[in-house]
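Remarks on the structure that follows.
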Amino acid sequence: MSSGAASGTGRGRPRGGGPGPGDPPPSETHKLVVVGGGGVGKSALTIQFIQSYFVSDYDPTIEDSYTKICSVDGIPARLDILDTAGQEEFGAMREQYMRAGHGFLLVFAINDRQSFNEVGKLFTQILRVKDRDDFPVVLVGNKADLESQRQVPRSEASAFGASHHVAYFEASAKLRLNVDEAFEQLVRAVRKYQEQELPPSPPSAPRKKGGGCPCVLL
């Protein structure tokens, strides 16, 4: 479970405070990027996770950044979260933030078929920019509170996640459903990936017993 302090740079949005005096210092920093098509609720998910606040009316995001210090699986972590633009006119910015990200929350809306089609393209772009066959990604079907308007079957989204080896969550920023869980799973995926990417430690040189010149007894 996540807990901790948060702050944000989004314009006209509530801000959190810094870490309290009793909070343990974070032992790691992760750069997380929230990506997806326009209007899928990326900002709503991010702000709900950062500040436990649902924003229903705001201008389309160009790019906002937030910081949250929290504990995931008992390990303090600083999360630098970039909430990105979904509008096509800002597409040129994508590769820049993709290069910097340690992990990606890939978001579509369950009531928007086109947004689901878009995540496949974004996933492919992430792997191309990173020049990897896999990378830490969590797939999120947002707006689960709009079940009656669903256009993307849960089974189809789950199959996408399974075939690409990424976790899938159906979430609702409005109801705060699976919001923390999705971000926490992304942190776990980043940790696992980084552990696998670390070069093996060089073997330590064997210690010689004794020292100095050999003694000769006369």
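From the backbone N, Cα and C atoms, a Cβ is placed for every residue, glycine too.
Values in this document were obtained by computation on a predicted structure and should not be read as measured data.
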**Item:** Swiss-Prot annotation of motif 'Effector region' - which of the ranges 58-66, 94-102, 130-138 it falls on
**Value:** 58-66
**Complete:** For the motif 'Effector region' (58-66), the averaged pLDDT of the predicted model is 71
